[in-house]
Amino acid sequence: MTQFDKQYNSIIKDIMNNGISDEEFNVRTKWDSDGTPAHTLSVISKQMRFDNSEVPILTTKKVAWKTAIKELLWIWQLKSNDVTELNKMGVHIWDQWKQEDGTIGHAYGFQLGKKNRNLNGEKVDQVDYLLHQLKNNPSSRRHITMLWNPDELDSMALTPCVYETQWYVKQGKLHLEVRARSNDMALGNPFNVFQYNVLQRMIAQVTGYELGEYIFNIGDCHVYTRHIDNLKIQMEREQFEAPELWINPEVKDFYDFTIDDFKLFNYKHGDKLLFEVAV
């Protein structure tokens, strides 16, 4: 059993037993297959904590870990909102939100790529500012990135689910706290928890810090009603030991990472489970 499997199952059980239904409301989300309302059971304010002795990835089902890393590179490294760039990587998880111009509007990578921070007399984006400050001002309590821009929320195809990171350097270790306003526990959460831990490992490597703690906070923590049956199956499955994530130690610049610099060894997992997408 991994740390992630244990915490994940605990949250799913809480939602199943105590979750509040939104069926009395007219909800925004619709099922991609038939356009009917996609209702949920939800609880609020959940936290997952990991000591980074193992990589947080589910073993009760197969997680498309390379796809998760490719999405991470698209947002954080390319700082892109162009879905066609993601499609070139063989990833189509954002196709349902692609607008006529081929983008997701002013969301995710668009916000990270805006040059809105002052650094030594020039404007830089949030990622470059973060990397510089972690190296040169480690004791700062302002190591924050923010995707939730109220001025541009109406220009986004989908407002960000994971919207904030805060980084801490303590005794030579890099700690990361992530905040998600909303998390679909069947599809979104397994991707997000894994990929932001990969981000922590990447940035720790290029800034020269050891890995510290990883904290993942969720505001609205929910399960879609059509996902309940398969989640019950998943929770009864055998759990395995955590795999080993290898990141190419030769990479010293954040922008030099490619998908080939990541390998996952000994990933034992249950069979893939299909969960319908709500949009």
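Backbone N, Cα and C define each Cβ position, glycine as well.
Features reported for this protein in Swiss-Prot:
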ACT_SITE  Cys161  active site, nucleophile
BINDING   Arg141, Arg142, Arg181, Ser182, Asn183, Asp184, Asn192, His222, Val223, Tyr224  dUMP binding site
BINDING   Asp184, Ala278  (6R)-5,10-methylene-5,6,7,8-tetrahydrofolate binding site
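Within its own chain, Arg181 (dUMP binding site) has Trp148, Thr159, Pro160, Cys161, Tyr163, Gly219, Asp220 as residues 6 or more apart in sequence whose C-beta sits under 8 angstroms from its own. A separation of roughly 37 Å, to the nearest angstrom, links the Cα atoms of Arg141 (dUMP binding site) and Ala278 ((6R)-5,10-methylene-5,6,7,8-tetrahydrofolate binding site). All protein chains included, Val223 (dUMP binding site) registers 23 other Cβ atoms within 10 Å of its own Cβ. Each of the recorded positions Cys161, Ala278 was ranked by the number of other C-beta atoms within 10 Å, and first place falls to Ala278. Every protein chain shown contributes to the tally, and the Cβ of Asn183 (dUMP binding site) ends up with 27 other Cβ atoms within 10 Å. Spanning the listed dUMP site, residues Arg141, Arg142, Arg181, Ser182, Asn183, Asp184, Asn192, His222, Val223, Tyr224 have a farthest Cα to Cα distance of 37 Å. Counting every protein chain shown, the number of other Cβ atoms lying within 10 Å of the Cβ of Asn192 (dUMP binding site) is 21.
A sphere of 10 angstroms centred on the C-beta of Asp184 ((6R)-5,10-methylene-5,6,7,8-tetrahydrofolate binding site) encloses 24 other C-beta atoms. Distance noted between the C-alpha atoms of Asn183 (dUMP binding site) and Ala278 ((6R)-5,10-methylene-5,6,7,8-tetrahydrofolate binding site) is 12 Å. Of all Cβ atoms in the shown protein chains, 8 besides its own fall within 10 Å of the Cβ of Arg141 (dUMP binding site).
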